[in-house]
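*Asks:* Take this structure first; my questions come after.
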Amino acid sequence: MAEEAAVREQAETVRRLKQGKADPDEIAKEVAKLLEMKAQLGGDEGKPKFVLKTPKGTRDYGPKQMAIRERVFNAIISCFKRHGAEVIDTPVFELKETLTGKYGEDSKLIYDLKDQGGELLSLRYDLTVPFARYLAMNKITNIKRYHIAKVYRRDNPAMTRGRYREFYQCDFDIAGQFDPMIPDAECLKIVHEILSDLQLGDFVIKVNDRRILDGMFAVCGVPDSKFRTICSSVDKLDKVPWEEVRSEMVGEKGLSPEAVDRVGEYVQLHGGLDLIEQLLQDPKLSQNKLAKEGLGDMKLLFEYLTLFGITGKICFDLSLARGLDYYTGVIFEAVLLQQENEHVEETVSVGSVAGGGRYDGLVGMFDPKGRKVPCVGVSIGIERIFSILEQRLEASEEKIRTTETQVLVASAQKKLLEERLKLISELWDAGIKAEMLYKKNPKLLNQLQYCEDTGIPLVAIVGEQELKDGVVKLRVVATREEVNIRRESLVEEIRTRTNQP
């Protein structure tokens, strides 16, 4: 049959792509095509035909991936808690009007839901806008919170680079009226702590200020109406060269070449305190009220970051714009760096792994009386971080434990199932993480092999002699050392040996 021949041909295409180590996205596309062809070909009559695949831009996470994810989440949550944050949660979908008009050019990526209950709804795009809605709705004017949850973007996914349509965000925000730059400096310190703790490699945190950008656009002759759209173009400078950005501004966005060239002189500058001082003396910029304000705060921010001891990783970068409409002050983005190769000192950017900034006007957009609640926050790019760690662990072939089991309850002879059940129940009741094999009379060798395979460090062995003596034989899997422990001391011994409280 022609259909069967087509399926065989498609299977061969997939095999060749896999052998040639083609781009994983391309392989996934061809595999999906193959599955669809097989489904159409059908099998048993009357059996439903369906394709077994996850939707585009999503993925499943097996036990190994989840073990890595949990490790990362725990590091991030412990940092947020160390800084005194409370935790909240909000619905996965919001009223469509809540999200509309908050994301600039990215609004086209919002997922709208089919209306069924008389409300127009959309899946949340980030955690910041729902947070602002939560503050306005509950009349909260002061909170330090974190929120870890899934968000949704109708994006063109690049799954190999950690870019999905459904993904987690980890947000930390400080809302309230405080003295300038103290909360902003703490947000940058948090990014520094998390990236250092996760040991992802070298990184830099770029900072800028929307007021400096807007002041710069004004003195360069960019019309007010084009500020946000020009912002989006400038934001691409970390990915594409200035020439491309320049032609987009002139060709697509209709800015005069003279104004674009003036913008170009500024957005290619980056440095530290010295650059801030230089711009404060700049004859054009220093005349602009917004820019002067932004530069003054940037200087203060760098003073606080110096006290935190992290300025070595901070770069004041005038090309940083962050495309979202709601930012009003300081903005920042953390980027991982990697060596081009071993012989060249030049570093290249791997991509953004955290970002955030100040958004003082967002809560006021929801408040009926327009009351403002100043906010500053940071979002950790968990998926990008996870992709990097997953690839690194695959390359190192390190064995990852997918359970936290401390001890396997085993038996040395037959007819001891009841004794194993009694002992494991005692251990569970004492808070010990324990397992046993679901067989009446398992062989001791199989039980020990299970521990080797899963990384369980200890085996508690019950045998006839041990029962008579009122002891349990505790075996250390790694060294094969065995000791008899009195039954009443077993829980304490397991805790000590596995460093559990």
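Please read every residue number as a count from 1 along the shown chain.
Cβ coordinates are placed from backbone N, Cα and C, and glycine is handled just like the others.
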*Asks:* Quick one: sort out which of 1-22, 331-352, 375-396 is the region 'Disordered' according to TrEMBL.
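*Replies:* Checked against TrEMBL: region 'Disordered' maps to 1-22.
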*Asks:* Taking only the residues the record lists as binding L-histidine, namely Asp126, Leu127, Thr128, Arg153, Gln169, Asp173, Arg322, Tyr326, Tyr327, what is the largest Cα to Cα distance between any two of them, in Å to the nearest whole number?
*Replies:* 21
*Asks:* Within the chain of Thr128 (L-histidine binding site), which residues six or more apart in sequence place their C-beta under 8 angstroms from its C-beta?
*Replies:* Asp171, Asp173, Tyr326, Tyr359, Leu362, Gly377, Ser379
*Asks:* Which sequence-distant residues neighbour the region 'Disordered' (1-22)? Criterion: at least 6 residues beyond either end, Cβ under 8 Å.
*Replies:* 30-31, 33-34, 37-38, 40-41
*Asks:* Across all chains shown, how many C-beta atoms besides its own are within 10 angstroms of the C-beta of Tyr327 (L-histidine binding site)?
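*Replies:* By my count, 26.
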*Asks:* So if I measure Cβ to Cβ from Arg322 (L-histidine binding site) and keep only same-chain residues at least 6 apart in sequence, which ones fall under 8 Å?
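*Replies:* Looking at Cβ-Cβ distances below 8 Å from Arg322 (L-histidine binding site), excluding near sequence neighbours, one finds Cys231, Asp235, Ile331, Glu333, Gly355, Gly357.
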